[in-house]
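Participant: Could you have a look at this structure, given as structure tokens, before my questions?
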Number of protein chains: 4
Amino acid sequence: MAIVLGPNRYGKAETRLVRVHRDGDTHGLVDFNVSVALSGDLAATHLTGDNSHVLPTDSMKNTVYAFAKQHGVAEPETFALLLARHFVETQDHVDSARVTVESFAWDRLGPHSFQRRGDHTRTTVVTVTRETTQVVSGVTGLVLMNTTASEFHGFVKDRYTTLPETTERILATAVDAKWRHLSDTADWDKSFQGALDAMTNAFVNTYSLSLQQTLLSMGTSVLSSRPELAEVRLALPNKHHYLVDLSPFGLANDNEVFIAGDRPYGLIEGTVTRDDVPPASAEWYL
Amino acid sequence: MAIVLGPNRYGKAETRLVRVHRDGDTHGLVDFNVSVALSGDLAATHLTGDNSHVLPTDSMKNTVYAFAKQHGVAEPETFALLLARHFVETQDHVDSARVTVESFAWDRLGPHSFQRRGDHTRTTVVTVTRETTQVVSGVTGLVLMNTTASEFHGFVKDRYTTLPETTERILATAVDAKWRHLSDTADWDKSFQGALDAMTNAFVNTYSLSLQQTLLSMGTSVLSSRPELAEVRLALPNKHHYLVDLSPFGLANDNEVFIAGDRPYGLIEGTVTRDDVPPASAEWYL
Amino acid sequence: MAIVLGPNRYGKAETRLVRVHRDGDTHGLVDFNVSVALSGDLAATHLTGDNSHVLPTDSMKNTVYAFAKQHGVAEPETFALLLARHFVETQDHVDSARVTVESFAWDRLGPHSFQRRGDHTRTTVVTVTRETTQVVSGVTGLVLMNTTASEFHGFVKDRYTTLPETTERILATAVDAKWRHLSDTADWDKSFQGALDAMTNAFVNTYSLSLQQTLLSMGTSVLSSRPELAEVRLALPNKHHYLVDLSPFGLANDNEVFIAGDRPYGLIEGTVTRDDVPPASAEWYL
Amino acid sequence: MAIVLGPNRYGKAETRLVRVHRDGDTHGLVDFNVSVALSGDLAATHLTGDNSHVLPTDSMKNTVYAFAKQHGVAEPETFALLLARHFVETQDHVDSARVTVESFAWDRLGPHSFQRRGDHTRTTVVTVTRETTQVVSGVTGLVLMNTTASEFHGFVKDRYTTLPETTERILATAVDAKWRHLSDTADWDKSFQGALDAMTNAFVNTYSLSLQQTLLSMGTSVLSSRPELAEVRLALPNKHHYLVDLSPFGLANDNEVFIAGDRPYGLIEGTVTRDDVPPASAEWYL
């Protein structure tokens with residue numbers, strides 16, 4: 001019996017990059033949060049502090065900024081692929097590079113003026129090894145609500161069940177979704193916007209008997225409309241809105257006045273996938 | 001010499017209200033965070049725990065929800081006035097009621113479907129006493145950036161100054177602004193949108209030699225275009241974007257690649273006011 | 001009628017300073033978050049962008065770090081006084097300097113090893129003008145709970161009151177307190193610890209009929225035991241713990257099982273003061 | 001080719017439980033944040049909204065509170081096991097139950113008075129299936145610093161490397177660690193405290209040539225001293241402290257004055273394991 005080093009990785013997290021592209025008087029703006037994680041033959045630094053296989057995380061940060069100048073920055077997937085490939089190709093001891101990007105959208109107010117949008121964050125997680133390349137895109141912080149067209153009944157009643165059945169409730173969630181691409185080339189912006197629209201449309205148009213049903217509808221909508229995608233993972237908090245009991249004040253409440261709850265919340269998680277696609281080459285949830 | 005009770009107030013903070021207005025199949029949605037604070041003859045509860053002058057904060061919460069049903073909810077200023085007046089009028093021992101509302105905007109996706117916007121939060125602080133009514137409106141979390149048209153030079157150099165002068169920098173801020181109304185009646189939505197537009201336009205169109213200059217321009221723009229307002233207070237963090245030194249990599253950086261800093265940040269605060277208006281009747285910064 | 005510049009200030013916020021003091025092999029550690037705000041003759045930069053009266057906020061940051069080396073850092077009040085006086089004394093156009101410090105405590109684990117404590121943050125706000133010096137100390141994030149010895153009854157019942165009276169409840173709060181010193185010299189560490197102990201002891205030992213009663217008791221305890229203090233301001237959120245109704249499961253709940261609520265919360269704010277002290281020379285709540 | 005439902009689960013997240021145990025006048029206090037996730041035969045609710053296999057998340061919340069009364073609450077692992085087993089045993093369609101608990105420590109101030117500690121959060125993740133039981137314990141938010149005894153040199157230099165080698169730096173991290181137990185019975189409190197002490201001691205006593213070396217030392221220390229544990233996973237952010245360049249002010253900086261950085265940060269992640277233990281029965285990172 002021995003105590004041994006298991007799976008490990010290291011990198012620089014949350015390098016905040018703002019890239020201005022100047023086309024005469026009209027400027028473009030890209031705002032990213034970039035994280036890099038490398039794994040490979042890293043036993044020595046763990047065992048003895050021998051860093052001869054360790055590229056400093058500071059150098060990863062420098063690479064992000066230098067690449068932003070050398071190559072420009074547009075789609076997060078493209079930039080993440082560029083970075084991940086660079087680390088695998090130039091570092092002999094690195095077997096795998098994972099680059100994660102959060103992309104923050106800004107609306108144009110003028111030739112060089114912008115307002116941060118704030119309604120959601122676009123994400124990507126790219127994992128490159130010597131044999132494989134995997135691209136995952138996604139979104140976080142997309143908060144959606146249907147004020148009706150949601151029911152919940154017919155559920156299990158155990159001895160701890162007090163929830164009344166309902167044919168009318170608010171359904172609200174903050175979408176955290178990721179989807180895996182089949183290829184490492186795509187029109188990434190178009191693909192992202194298409195997936196976002198498909199997901200949002202499914203939320204809007206599904207008459208919901210459970211948030212699970214809505215989740216599957218959203219995932220199916222994405223895969224149906226985006227042939228370039230293999231699978232979708234959704235984590236949907238059920239942001240509860242509690243109907244206020246106004247009867248003590250002699251008032252009815254016909255689904256009009258709600259408490260927006262913080263905690264606890266339901267959490268519905270699920271994967272929707274094609275049944276004939278190759279498996280993921282790297283874990284893409286973490 | 002004695003130890004005595006000084007100024008005090010109490011109330012219920014952060015009552016989360018979602019109000020759905022149903023007009024046939026088309027629903028309206030209002031999403032508020034409401035805080036109430038009352039002051040008056042409250043010595044007894046402090047001194048002896050005699051609560052005979054104390055309306056429970058739980059009742060304030062109930063009032064928020066009941067009023068949302070009875071009166072409906074549209075403009076935050078109107079709802080805050082209704083609540084504040086109610087507490088002063090119905091509670092003999094209350095001299096002053098302050099109601100604060102944060103209003104979260106949602107974009108319509110369908111007849112009963114919405115997406116939370118997230119680009120800024122509209123605020124109001126209403127203070128009602130037996131003699132006076134004061135309405136303050138405002139905005140928080142409005143993040144703006146100019147990628148050029150900003151300089152900073154000619155400043156004081158002391159022995160701790162190392163900052164180089166620049167004729168080209170990014171100017172970015174997260175606007176936290178409040179403005180005091182001259183009256184307690186207005187077209188509140190129109191007034192808010194007008195103030196927001198005036199402020200944003202001034203940010204966009206000011207060629208800036210200092211964030212202070214931009215601040216005064218923003219406040220002046222609001223007061224020039226909104227005769228219903230007495231004064232504006234702005235707190236503008238200078239969200240620093242540091243030019244990355246790419247010279248070690250043989251690269252120039254012509255104001256293209258920036259580090260978006262977290263801390264520290266500059267903080268520019270100022271009031272812009274008309275010189276002939278009555279003073280505020282209640283502190284409106286807290 | 002004209003639109004004019006009103007009160008204003010500017011500075012560098014949240015300069016994060018870690019200072020190691022080396023006494024042979026045994027190290028001392030100070031961990032501060034320092035904010036500086038200056039006011040004075042600053043009209044020119046607002047009106048025309050003339051920065052000839054503007055010390056860059058970057059220089060303020062540099063001063064924090066340079067002073068940490070030159071003078072060492074121990075008590076936050078002493079360090080804040082040093083900085084505030086420096087800016088007033090060396091900058092002709094500055095009338096007032098306010099320095100705010102958050103101090104984070106670390107427990108010693110070894111000669112050069114430490115663990116961050118996290119149970120509260122010590123604060124100070126020092127304001128220096130050409131004529132006056134004001135020192136305020138305080139604490140935030142001190143979370144206290146009594147699981148009994150708290151009642152709430154005898155309160156006003158209006159038409160929106162549904163809260164039952166109780167002779168047994170949890171009383172919990174997150175103390176946010178500030179206290180103003182009468183002088184600009186003191187044994188600051190001893191004074192802070194004494195005030196903290198007095199406040200905590202009063203919370204523990206007060207049989208409470210209202211959180212207001214507890215607040216006055218806490219403030220009085222501080223002033224009674226600390227003659228160097230003029231007044232205390234307390235903001236005490238009433239962190240509600242709701243008794244769970246277990247009757248549907250055939251279980252009693254004798255004040256044993258509670259929901260810890262997030263929002264809304266009560267908010268009790270009050271000042272306790274000596275009746276014979278000079279007034280504050282500068283606003284100390286903001 | 002078809003689009004199908006993949007792995008999924010659902011539950012109630014962040015049920016906030018405060019449990020008071022009354023032993024005469026002396027009270028005990030337990031403060032938990034409990035999350036439940038169930039998986040099993042849940043296809044129907046996804047496909048058609050048929051909820052006949054769905055126990056409401058509201059019932060899970062009720063179960064947490066009812067069990068807190070029926071069984072009392074002490075060690076988080078015990079409580080999590082109780083809950084997880086309950087759901088698998090009583091719900092025919094549930095194959096797996098995962099219960100996560102965050103436990104917040106309070107220091108005693110009196111027989112019924114407490115102060116929240118805040119220096120770290122104890123965690124547990126228990127996963128129960130019909131065949132297996134897996135218990136993971138852990139800690140988050142444990143912030144540690146060595147002000148010396150840390151070097152970093154001998155690393156790879158690529159064309160983007162500018163970091164100087166150093167034989168003297170601050171090493172600081174916020175430990176996020178989890179460890180998997182070999183059995184489902186233990187003296188959980190003693191095991192937790194032992195693991196925490198082993199980990200902290202290793203951090204303090206390791207002369208570090210890289211944070212990776214410290215990580216392996218910490219994990220090895222835990223496994224060496226706790227035979228009941230199979231493996232440890234550590235995620236250690238390298239909380240950078242940048243030496244301030246004081247030379248422009250004519251000052252030396254002998255590792256005394258540092259900027260505590262926010263972002264970016266290094267992130268070192270690794271697993272330390274025994275080489276002869278059975279594999280995990282369920283994913284324990286998510």
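Sequential numbering from 1, following the chain as shown.
Backbone N, Cα and C define each Cβ position, glycine as well.
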Participant: Among A:N8, A:N238, A:N253, find me the residue TrEMBL lists at the same urate site as A:T57, A:D58, A:F152, A:R169, A:Q212.
Facilitator: A:N238
Participant: CB neighbours of A:R169 (5-hydroxyisourate binding site) within 10 A?
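Facilitator: For A:R169 (5-hydroxyisourate binding site), the count of other Cβ atoms within 10 Å is 20.
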Participant: Where does A:D58 (urate binding site) sit in the DSSP three-state scheme?
Facilitator: helix
Participant: List the same-chain residues at least 6 positions away in sequence whose Cβ sits under 8 Å from the Cβ of A:D58 (urate binding site), in sequence order, or say none.
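Facilitator: Looking at Cβ-Cβ distances below 8 Å from A:D58 (urate binding site), excluding near sequence neighbours, one finds A:K12.
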Participant: With a CB cutoff of 8 A to chain D, go through the recorded positions A:K12, A:R169, A:N238 and name the hits, or write none.
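Facilitator: Cβ contacts with chain D under 8 Å: A:K12, A:N238.
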Participant: Over the residue list A:T57, A:D58, A:F152, A:R169, A:Q212, A:N238, recorded for urate, what is the maximum interresidue Cα distance in Å?
Facilitator: 52
Participant: List only the single closest residue to A:H240 (active site, charge relay system), chosen from the recorded positions A:T57, A:R169, A:Q212 by CA-CA distance.
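Facilitator: Result for A:H240 (active site, charge relay system): the nearest of the recorded positions is A:R169.
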Participant: I want to check the contact list for A:N238 (O2 binding site): same chain, sequence separation of six or more, C-beta distance under 8 angstroms. What comes out?
Facilitator: A:L171, A:A172, A:T173, A:L211, A:Y265, A:G266, A:L267, A:I268
Participant: Show which residues of the chain containing A:F152 (5-hydroxyisourate binding site), separated from it by at least 6 in sequence, have their CB under 8 Å from its CB.
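Facilitator: Spatial neighbours, sequence-distant, of A:F152 (5-hydroxyisourate binding site): A:E165, A:T166, A:R169, A:L209, A:S210.
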Participant: C-alpha of A:Q212 (5-hydroxyisourate binding site) to C-alpha of A:T57 (active site, charge relay system): distance in Å?
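Facilitator: With the alpha carbons as reference points, the distance is 41 Å.
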Participant: When you measure from the Cβ of A:K12 (active site, charge relay system), how many other Cβ atoms are you left with inside 10 Å?
Facilitator: 27
Participant: Find, for the listed recorded positions A:T57, A:Q212, A:H240, the residue with the lowest Cβ contact count at a 10 Å cut-off, counting only other Cβ atoms.
Facilitator: A:H240
